[in-house]
Structures are given as C-alpha cells and as structure tokens.
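Note sheet for the following structure.
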Amino acid sequence: MDWRTIIYVILLVSLRVAKALPRTSQDIEAKTSIGQRFSQLQEKNFKPMALILFAQYVPGGTFGRAAAMAEGVTALARRCAAEASNSPDCLKPLDKIFLDTICQEENLPLSADCCAKKDPERNDCFLSLKNSSRGFSSPLERPDAEAACRNHSQHGQPLTGYFIYEVSRRHPFLYAPTILSVALRYEEMMENCCASAEGPSHHVEECFRRQAPKVVKPVREDALRQEHTCGILKKFGERTLKALKLAQISQKFPQADFVTVHKLVVAVADMHQDCCRGDTLHCMRDREEILRWVCSSQHVLSSRIQQCCEKPLLQRSECILSAENDDKPAGLSPLVREFIEDKGVCERFAQEKDMHLARFLYEYSRRHPEFSAQMLLRIAKGYEDLLRECCKPGAPSGCRNRGEEELRKHIYETESVMRTSCDIYKEKGDYYFQNELLMSFTKKMPQLTSVELIKFTKEMTTIGSKCCQLGQDKLLPCAEEHLDLVLGQICRRHLADPINPGVCRCCSSSYAFRRPCIGKLEIDESYVPLALTPGLFAFHGDLCTSEEEQLQHRKQEMLITLLKYKPQISPKQLGSVTAAFAAMRERCCREANPEACFLQEGPELIKRSEKMLSA
C-alpha cells in the first residue's frame, strides 16, 4: 500500500465544493452513504480512516481488534459500493455504522454501558470515554534500531498502520489530518534511516535519534493546541471562543468585510464544538469544508494564501495558519472613533449588544496585527465596560471620551511587561532567566511539583528565546499567544488537581485577563511551608557532574525546595545561601571522595543557612 497516496487522496476527495458557510457536517454525512464514501476514497484509502476512528473511539482496545473492525466496515462499504445497494445497512449514517460495529464486538473495554444506550446518547457516551490526558509515547522508541528496520523491511505497510493506530489511541481527540501527516513523516523516517541499515548500527541509531523528533513533535504541538482550544471552550464557553477566533481571523484577513469574517468565525467555532466533543467524522468533515470555502473565497479573504490553496488539502491548514497576515486596507485609521463618538452608539449597543461588540473587535483587530489576540479581547472587554457605564441613564456627558485614555494606558502596561521580560532574558540568558521564573512561580504556586515547575518555566524560557529577538510589531503576538498555551496547561492542571485559591481565581474569572492576573499573583499565603527534615536537603556526588545541563537541573530542584521551605526568603538571603552552597560544592568536588565531603559538609551548610534565614 502506498501510504503517501493514501494520505493525500483521502483528504482531497470532495463530496461537493462548498459555496457558503456555515453548513453542518451532520447534514453532509447524512446525505453520504458508506458506499458513496467508499467509491470516492477507494479501499486503500477508506481503511486507514476507519482504523483511526476505531482507535480513537476505543483507546483501550488492541491494534488487532481495531484492524479487524476496520476490515469489517471496509467489507460492508465494498459491498454497498459494488451493488449500489439500497439495503438498510448501506443507508445507515456513517457514525451509526461505526458504533454498531464497535457494539457487535465482545468484551471491548468500557463499551457495554454505552452500547446499551440508544442514539444519540450512545454516541455521547462513547465520546465521554475518550481520554485526552494520555501522554504520547512514540511506538518507534525501541531499544534496538536494527530490529525496528528489520520489522519495517518485513512488515512495512502493517507497521505504518500500527503507527497510525498508536498515535490515534493515545490522542483520541487529535485531528485525523494531523495523524495522517505524521504517518507520512514516519514512513519517510523509516525509509531514510533503514536505507543505511547495512552500515554500522550506530549510523541507524543516530538517524532515528535525529529524525524521531520531527515525527513526534508535531503530534505533541497539535495535541497541545487542540487541548488548549477545547479548554477555552469548556471553561469560558462559545462566546469567548468566537471572540478569540474573530480577533485572530480579522488580523489574518484584514481586507475581508465583517459579514464574511463573521461567517467564517461561526463555522470555525462549530467545527471546534464537534472536534472538542471528539466527534472524529464530523470534525474532519467540518475542517475539509472550511478549507475548501476559504480557498474558493480567496478574492474576498486574502492575497497571501494562493500558494497554500495550491497544496494538497492535508497541507493547507498548517500553511494558512502560518501565512503572513494580509496587508491592511489603505487609509485605515489606528483608532475607531466612530464607536465612541457616534450619537447612536448606545442605541446600537442596547439593541444588538454582541453584534455591536463583534464589529468593534473586528475593526480594531484588523487595524492592529501588532497586538496579541488576548490583548484585543481585553480591549474589547474594556470597551464593553465603558458602554455599560456610559450608556446608563444620567451618565455624565463626555463619559465615553475617557475610553481612549484608558486604552492607551492598557497598551502601555502590556507592552512594558513584555519589554521588561525580554530585557531580563537578554541580560541573563536561558538558565538564569528560568531561575527568575522559578523563584516567581514557586512562590505563586508552591503546590506544583519540581517537575511541573521546571517544565512550565522551561517552556516560558523558550518563548523568550523565540520572541524576544523579534521586532516590536511581532513581539506581543508571539510572546502572549505562546505564553497563553503554557498558562492554559497550568489552568488545566488546576482543574484536574486544584493548586490554590489565587490560581483558581485567575483560571476561572476571565480568559482574556488570565495572563495579567497570574502575573500579579504574589506569595501564596495559604501554603504551609515544608518542615526541615533530615532528608529535605540532600547533597551527593552527582553535584560534581561535568554535564552542565544535569547540574543545572539539580540546582534548580534544590532552589525550588529552598523556596518551598522559606517562601518569604529575601533576595539578599537567597544570595548568601547560594554563595555558601557554591563554596561547599567547589570544595567537595576537589576532594578525592566528594560523597564523604558532602556527607560531612552538608549538615553544616544547613545549620549556617538556618542562621542566615532567621536573621
């Protein structure tokens, strides 16, 4: 089987060209029989899609059973297509056929309760079983690279099918196009690395080590972005998600009129509703229809996406998302004074509140590609609050005029925070900048583990290296939108296992103000510091390692423990303790037996540090 052909063709098949949006995928699927779908995709393309669906709906199953179910559905589809049959089985909706197939299997994990229900409750039950918290572990992470190549040479096609199954079951909410795209990278990696299998084994292992991240990274990144979007939808609702998409799409397509942009926003939000429910069939269908509509509407959307629309459908979405924003229409003023000065503003706000606010957000976003989407949402919220206050009966004349000054103040504050952070990053570099973040976030969220604190602050440091080198027109969108992904992880961690009341407030009150809220958090006063036990601070010979990254990690773990023990530690006290530790480490690492030295010197350092911290 040619997996490249499968991956490209499966997404290029079109039931019909989209002429207008929005259109529900349920309507499309209801009019498409399994025989028609099979005829369009052909068997070699139909089967991988069935495998993804079964792997995602029954993540606790096995590859063998998922492959067998995919084979069974493919056989039905083949028969329906060959006979152009009008039998009841051939006329069932596609999602019902897939669920019926699952429910005909015996002893599938957790499926019995769902199968006892009737549609649509049965489908909702299966969707509720999906678990997106499973971490991705590449099936390629094998101890013996030569064995992987041997399997590939002997079982190439089934091995790629197994890879698709593994990615699908571990990421049951992940977009099918992403899975198919990653499968292509996997196949290319296997061919590239195993081509040199006749040479020294270390060449093969080095090839896997070098190319495996290119396979795994897109899965992790796309899964994170999707989980982030679904987290916004779940916590803050469809109105907030639509506002976010309105800001982003208005920045991307500033030439498009409001009606066109709003239509696209509604379609994208509907797509996320299906995708976040885990409705794989409808999610993929929605995505295809939106991409076709966007590419058929280039003349009203953007001049920057022509090359993207010439690519296979699989590659279009990523290309369009990464494309440069289109140029703003000539003559657009930076401000939108008509939303402040027009006499009919309050009347329009009263009559069509959400649509009036949407028009404001559209007009402001298309004028300011240098602002982050989150900042634009804060500006829109400020405008809404201004109208609520100034449109009340008896509001003083000129009340709305202060909006411009408040807007300038917020923009200045946001830009100042980002510039200051970048100045610190440029001065201190990766390691010491991350230490600054560790000190801040350990005090804000001491309930997080050392692993979590190091992970989150490492990701924030990476944002500094990525964004701080950009010009002022790109800094805010880069920094705040990437930081939003990290804060989203923290907030989802809080939902799963509550951190503290401050984090709860910031993660729950407002999506747009989440970053400023967390930024303003200080020491968590509800936290009970760690007690000083004999094993709290342990110093061992691993502190003498020549591996700089390993040493830095070890020192960061000790810094976190110190802050959890003494959250109120002052910068001067921290400097004194750090200097004393460095002196002890230097002394012991010169000894013939560093372990014995640390065993003797460690308790003395703790006693001296206690005195310094008590002063």
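Along the chain as shown, residues are numbered 1 onward.
Including glycine, each Cβ sits where the backbone N, Cα and C put it.
Per TrEMBL, C295 makes its disulfide bond with C309 among C276, C308, C309. Out of C517, C544, the record in TrEMBL bonds C589 through a disulfide to C544. When the candidates C193, C275, C276, C283 are compared with TrEMBL, only one is recorded as disulfide-bonded to C230, and it is C276. On the 0 to 100 pLDDT scale, the domain 'Albumin' (410-607) averages 94 in this prediction. Taking Cα separation as the measure, C391 (disulfide bond) is nearest to C507 of the disulfide-bonded residues C275, C422, C507, C544. Across the disulfide-bonded residues listed here (C283, C308, C309), the residue whose Cβ sits among the most other Cβ atoms within 10 Å is C283. By a simple count of nearby Cβ atoms, those within 10 Å, the most crowded of the disulfide-bonded residues C194, C544 is C194. Taking a C-beta cut-off of under 8 angstroms and a sequence separation of 6 or more, C275 (disulfide bond) has the following same-chain neighbours: F173, Y175, Q226, C230, C283, D286, R287.
Using a 10 Å Cα-Cα cut-off around C295 (disulfide bond), the disulfide-bonded residues C308, C468, C544 reduce to C308.
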